[in-house]
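Structure first, commentary second.
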Amino acid sequence: MQTLSGKKILLGISGGIAAYKCAELTRRLSERGAQVQVVMTKAAKEFITPLTMQAVSGRPVSDSLLDPAAEASMGHIELAKWADLVLLAPATADLIARTSAGMGNDLLTTLLLATEAPIAIAPAMNQQMYRNIATQENLSTLRRRGMLIWGPASGEQACGDVGLGRMLEPMDLVARCEQYFQPKALQGKSILITAGPTQEAIDPVRYISNHSSGKMGYALANVAQKMGARVTLVSGPVALTPPQGVETLSVKSAEEMLDVVMANVTQHDIFIGCAAVADYKPANIAEQKIKKMAGHEVMNITMVKNPDIIATVAKLDEGRPFTVGFAAETQDVESYAKGKLANKNLDMICANDVSDTTIGFNSNDNAITLYWPDGSLPLGTASKSALAHEILSEIQQQLEKNAVK
Ligand code: PMT
């Protein structure tokens with residue numbers, strides 16, 4: 001079966017020279033069974049005519065927010081609801097900036113605000129404009145909001161420059177669409193993952209934290225997204241780029257992480273607590289920087305317990321997701337992990353021995369054994385990405401087993 005058969009793709013074209021390739025792109029998508037609805041900005045029409053796009057898509061082009069006739073046939077909200085995927089190609093620096101700013105000053109940007117469909121962006125612009133910090137920051141913002149960024153490619157540009165900024169070729173974009181719609185193991189599932197450390201403030205310039213780099217949690221988010229899940233990542237402070245297509249929410253302290261998790265978790269099927277949440281925090285945060293005092297060789301900080309985020313999730317009466325924890329142990333790994341599984345009322349726990357510095361905290365590899373109430377599975381040592389795939393596959397199997405019980 002064609003993977004694009006019956007898929008509704010809203011193709012948003014903005015005013016770049018690559019717009020001329022959209023006729024080819026539309027033909028190739030349609031040949032594979034997709035329904036393509038073209039929406040053009042005012043500038044796009046300077047590069048390719050709506051008549052051409054109507055001819056290749058077999059549908060009238062939408063280009064105006066304030067056209068009573070167009071609104072009467074398929075209004076902008078209906079259009080936004082119609083799409084299975086919104087593809088912005090070419091996406092100029094201007095369209096990317098307006099999208100990042102949340103503007104709705106033409107039909108296309110209004111649709112972007114109104115749609116719940118995933119949005120894929122194929123940037124196309126001069127290489128210097130692409131490298132400009134404003135464009136890069138706008139793209140990071142969109143990536144963080146979970147939008148997919150496809151390309152750009154590198155090469156000779158229409159203006160004569162050479163570098164990154166060319167729109168991906170139509171067949172490459174078709175392949176990305178096909179890959180996007182490929183049936184996947186976690187299709188239709190939503191997962192909330194926590195990652196990284198928390199920082200517990202002592203005063204305005206100091207905090208208590210740990211060595212978590214976020215690599216394990218980010219690998220889980222990345223792989224889960226590729227397996228078809230809708231993923232929300234709640235991340236403590238890390239130096240990693242948010243994974244493509246994953247909505248990433250940044251927090252610092254355990255209290256903030258708890259608030260963001262609880263505000264979102266009931267809209268998800270699965271919760272994975274991979275963050276290294278500080279168990280304790282300073283009882284008081286000094287308002288001013290604590291000064292070194294002559295004659296004081298010892299300084300005491302009173303610590304109080306932080307809320308247990310995963311135990312709070314696992315206690316939910318309504319909307320409780322399948323809840324998976326991690327156990328970071330330096331000794332008696334199995335017994336401590338099984339203890340946490342039971343005490344925190346989890347469905348599964350991923351036990352890792354963090355006494356070995358070549359695995360666990362801040363390394364690219366890990367060694368994990370999974371435990372659930374009536375079973376276990378040693379996954380051995382592997383890269384965090386490979387382990388993420390194994391963990392998510394096992395979660396998916398457990399969910400299937402629970403569904404037939
Ligand atoms: O980030 P990396 O450098 O890639 O390293 C990965 C990792 C070692 C951090 C990761 O694999 C891992 O083990 N994460 C869990 C770390 C941890 O806090 O473990 P714990 O045994 O202290 O906590 C048990 C579970 O309770 C965890 O799911 C934790 O997220 C959760 N917890 C703990 C304390 C708390 N206040 N709230 C919680 O939700």
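In case you wondered, yes, glycine gets a Cβ from its N, Cα and C as well.
Marked as active site, proton donor by TrEMBL: CYS159. Around the Cβ of CYS159 (active site, proton donor), the same chain contributes ASN126, each under 8 angstroms and 6 or more positions distant in sequence.
Among the features that TrEMBL reports, CTP binding site is placed at GLY273, CYS274, ALA275, ASP279, LYS289, PRO307, ASP308, ILE309, ILE310, PHE326, LYS340, LYS344. In the three-state DSSP classification, ASP308 (CTP binding site) falls within coil. Long-range Cβ neighbours of ASP308 (CTP binding site) (same chain, at least 6 residues apart, Cβ-Cβ under 8 Å): VAL277, LYS344.
Positions annotated as domain 'Flavoprotein' by TrEMBL: 7-179.
The feature domain 'DNA/pantothenate metabolism flavoprotein C-terminal' is assigned by TrEMBL to 186-397.
Residues or ranges marked as region 'Phosphopantothenoylcysteine decarboxylase' in TrEMBL: 1-190.
Sequence annotations record features per position, and here TrEMBL assigns region 'Phosphopantothenate--cysteine ligase' to 191-405.
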As a check: which entries in CYS159, ALA275, ILE310, the recorded positions, place their Cβ less than 6 Å from an atom of ligand 1? ALA275, ILE310
Intrachain C-beta neighbours of GLY273 (CTP binding site), sequence separation six or more, cut-off 8 angstroms: THR194, ILE309, ILE310, VAL313, THR323, VAL324, GLY325, PHE326
Would you mind ranking the binding-site residues LYS289, LYS340 by how many other Cβ atoms sit within 10 Å of each Cβ and giving me the lowest? LYS289
Could you work out which of the binding-site residues (ALA275, ILE310) has its C-beta surrounded by the smallest number of other C-beta atoms within 10 A? ILE310
Hey, does DSSP put ALA275 (CTP binding site) in a helix, a strand, or just coil? coil
Between all pairs in GLY273, CYS274, ALA275, ASP279, LYS289, PRO307, ASP308, ILE309, ILE310, PHE326, LYS340, LYS344 (listed as CTP binders), what's the biggest Cα distance, rounded to the nearest Å? 37
